[in-house]
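Before any comments, here is the structure.
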Amino acid sequence: MDPEFGRGMAPRKREPWRTTLLLAYQSLGVVYGDLSISPLYVYKSTFAEDITHSESNEEIFGVLSFVFWTLTLIPLIKYVSIVLRADDNGEGGTFALYSLICRHANVSLLPNRQVADEELSTYKLEYPPEVANRSRIKEWLEKHKTLQTALLIMVMIGTCMVIGDGVLTPAISVFSAVSGLELSLSRDQHEYAVIPITCVILVFLFALQHYGTHRVGFLFAPIILAWLICMSMLGLYNIIHWNPQVYRSLNPYYMLKFLRKTKKSGWMSLGGILLCMTGSEAMFADLGHFSYSAIQLAFTTLVYPALILGYMGQAAYLSKHHTLNSTYQIGYYISVPESVRWPVLVLAILASVVGSQAIISGTFSIINQSQSLSCFPRVKVVHTSENIHGQIYIPEINWLLMVLCIAVTVGFRDTKHMGNASGLAVITVMLVTTCLTSLVIMLCWHRSPALALVFFLFFGSIEVLYFSASLIKFREGAWLPIMLALILMAVMFIWHHTTIKKYEFDLHNKVTLEWLLALGDKLGMVRVPGIGLVYTDLTSGVPANFSRFVTNLPAFHRVLVFVCVKSVPVPHVLPAERYLVGRVGPAGHRSYRCIVRYGYRDVHQDVDSFEAELVESLATFIKLDALYHRCSDAGSGSEQLDDGRYERENALTVIGTNPLRRCLSYEASHDGVSSVDAARSPNGIVEVPAAAAAAAAPVTKKVRFVVEAASPEVEKGVVEELQELCEAREAGTAFILGHSHVQTKPGSSLLKKLAVGVGYNFLRRNCRGPDVVLRVPPASLLEVGMVYVL
């Protein structure tokens, strides 16, 4: 890493050129489908109403100049050259930027954060915390919770607009491709054919989502490659045949002439021009599936030149044809020679389906990320491929998108209104990315605020210009993404806010270990065979729902495990670092705590593999905990905490899954505050016997041991504990979950009663339960009712 510039500007590891070429080819079908089909509707949307195509050609040449410089400045320079470098361990997208910012500044509003999370190998910081300079922006963000909430709302707005784009892009893409039939059908036939055909294709497209894209994904790249080559060849033909001098209109002077002549109507037409960069955000969002060099290579050598040739070819044709039938307007197919129009039509429809598939998959992905960060109600996520990471299917969202797409197609019935709606969604996401990248430049790359301000003002001013042109068409279609965003924002904010308040309620009402042990003596607690997994969001203490359970039914399982499944602000957590295991109470109590950590792009395990890994992790912890005590006894005779007790109640251990070497770390965690809890030698390194290999670790937060698979002979107590664990697993496992109901405090405002009392409870009743998300078998489920008064 370059200590001056940080990882964002550091040299990247080079991959073999064959791998880069293969990834660049594969990225065509996944990343560039939406961007590649934009020529189908850009000119048609631009000239739909605001401006007309005159004999002077100033309008068409001005639009071409705008398209060229927009594609150059935004996709090429902003995304390919700058934004793609702001990756989060190779992942891109809105949540990747937010994750980066949250790791470098304490601005996350997510609950149950722990210092142990910072020790994850994917939790990378550009500078160590003690070296990084404290900027005033960072201090403001960390000091004012209002700014943190505003940052999260901005991320939510970007997410909502991506989901809105998932509704609009399939509709406008397929409709624009099918509208090529207008040149071969009469007006009456066209009106009754295009809409039904578009709806049939959309139904077919969404019906295929259940099977996953991996079954037909191998066809995506060849289709887009064929479409780009076809578009380039048609563009070259039109340039050579109709107007070889069209390249002169790439001069920015033509933009000034265009605005000088068209004035307000020209500014309003920018809402159609901005559609030329539709799909640019996909380059960043899909970064995790490919690589920076592959996406850069594909765009600069193929996609960008093909798009420029395609737009220039259309402009060259239109510059020599001014008496076009108003019925057809200015579409893409009118510049296609009649002899090849039908093959081009078929290829365009296939390319539009591929482009729509990419945005649908992206919508599934971003909703899954939102759900992981407690910003979206629980939905069922189906992983359609066992081999390809990240290919998911969400049934509820899929059918909702299909209904909305068909409603948009039938309701708008033309490219103009669809383009106005899609344009506003696209440019809003880009504005959010610009704002977040500016923060990344300051907080993560540690560049000067002046450089971040230059980035923000330069690209932000361009995007604000396009945003204003889209927003002015509110009544002509732009109202749709705003309405969708408001509905989704309300859902996401209500869910996130209430989830945080529920966590705070649990934190305030948790009970102590001493209370649990004393209660057992008073009520005559009975231990039944089996393993009881108590799910909670707390990382310490005994949750209130379990105390409610044992108060009314004084019996619980012989082996008790408090399980916390949490998301951390990293894209992936390695399996070797997923489990944090510790004891709750003395060893004879047979109670443990297990914190299971997932990244926002991780795949949650099925219940069988999770149960097996959990029991294996508990067994490993028992052995290593005994070894830890022997090491402590050898070093200091005994280990005593500050309060005089010998039991490490809140110690957590990272259990690795490597059978040859297991790495563990002890961390005494009290609501996120860590302290070292190990016997240390004078030089600050933990002493371990010769049977275990010692690994040096700083004495700041935690102590690491590396234990070989051939561990010493375990003590009798360890054998008994392992035997009880084995017997408990054979007896069966019960999953204890809280079934919550939320109500507001007396005297709460009407808005709070509507949002929390009505809105959240409605969402909770109509979304998937935690048992479905955690994949708990119904026969082993035990729900405990819990009323939250917020």
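Cβ atoms are placed via backbone N, Cα and C, with glycine included.
Look at TrEMBL and you will find 23-517 tagged as domain 'K+ potassium transporter integral membrane'.
Sequence annotations record features per position, and here TrEMBL assigns domain 'K+ potassium transporter C-terminal' to 529-789.
The transmembrane segment annotation in TrEMBL covers 21-40 (among others).
Residues 35, 42-43, 46-47, 53, 246, 248-255, 257-259, 261-262, 266, 269-270, 273-274, 276-277, 280, 283, 299-300, 304, 307-308, 311-312, 315, 318-319, 430, 459, 462-463 of the same chain sit 6 or more residues outside the transmembrane segment (60-77) yet have a Cβ under 8 Å from a Cβ within it. What TrEMBL lists as transmembrane segment is 60-77 (among others).
Non-local neighbours of the transmembrane segment (150-172) in the same chain are 34, 41, 94-95, 98, 101, 107, 109, 141, 198, 202, 205, 278-279, 281, 285, 355-356, 359-360, 362-363, 366-367, 370, 375, 401, 404-405, 408-409, 412, 415, 418-419, 421-422, 425-426, 428-429, 432-433, 435-436, 439, 480-481, 484-485, 488-489, 492-493, 496; each lies 6+ residues outside the stretch with a CB under 8 Å from one of its CB atoms. Summarising the annotation, TrEMBL assigns transmembrane segment to 150-172 (among others).
Under the heading transmembrane segment, TrEMBL lists 192-211 (among others).
What TrEMBL records for 218-240 (among others) is transmembrane segment.
The transmembrane segment feature in TrEMBL is assigned to 297-317 (among others).
Note on the transmembrane segment (342-367): residues 29-31, 33-37, 40, 93-95, 159, 162-163, 165-166, 169-170, 173-174, 176-178, 180-181, 184, 201-202, 205-206, 209, 213, 220, 223-224, 226-227, 230, 234, 279, 282, 285-286, 332-333, 336, 376, 379, 390-394, 397-398, 401, 601 of its chain, located 6 or more positions outside it, place their CB under 8 angstroms from a CB of the stretch. Marked as transmembrane segment by TrEMBL: 342-367 (among others).
Summarising the annotation, TrEMBL assigns transmembrane segment to 388-412 (among others).
TrEMBL lists 424-445 (among others) with the feature transmembrane segment. For the transmembrane segment (424-445), the list of distant contacts is 5-9, 74, 78, 82-83, 86, 94, 97-98, 100-101, 104-105, 126, 135, 137-138, 151, 154-155, 157-158, 161-162, 164-165, 168, 271, 274-275, 277-278, 280-281, 284, 451-453, 455-456, 459-460, 463-464, 466-467, 470-471, 473, 478, 481-482, 485: same-chain residues at least six beyond its ends, Cβ to Cβ under 8 Å.
Sequence annotations record features per position, and here TrEMBL assigns transmembrane segment to 452-472 (among others).
What TrEMBL lists as transmembrane segment is 478-495 (among others).
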Segment proximity, the transmembrane segment (297-317) to the transmembrane segment (21-40), 3 or more C-beta pairs under 8 Å: yes
For the transmembrane segment (218-240), sequence-distant contacts whose Cβ falls under 8 Å of one of its Cβ atoms, 6 or more beyond its ends: 25-30, 32-33, 36-37, 39, 246-247, 302-303, 305-307, 309-314, 316-317, 335-337, 340, 344, 347-348, 350-351, 354-355, 357
Chain residues in Cβ proximity to the transmembrane segment (478-495) (below 8 Å; excluding those fewer than six residues from its ends, i.e. six or more beyond): 153, 156-157, 159-161, 163-165, 167-168, 271, 370, 374-377, 404, 408, 420-425, 428, 470-472, 755-756, 759-760, 763
Which of 297-317, 388-412, 452-472 contacts the transmembrane segment (192-211) most, counting Cβ pairs under 8 Å: 388-412
Reported mean pLDDT - the domain 'K+ potassium transporter C-terminal' (529-789): 70
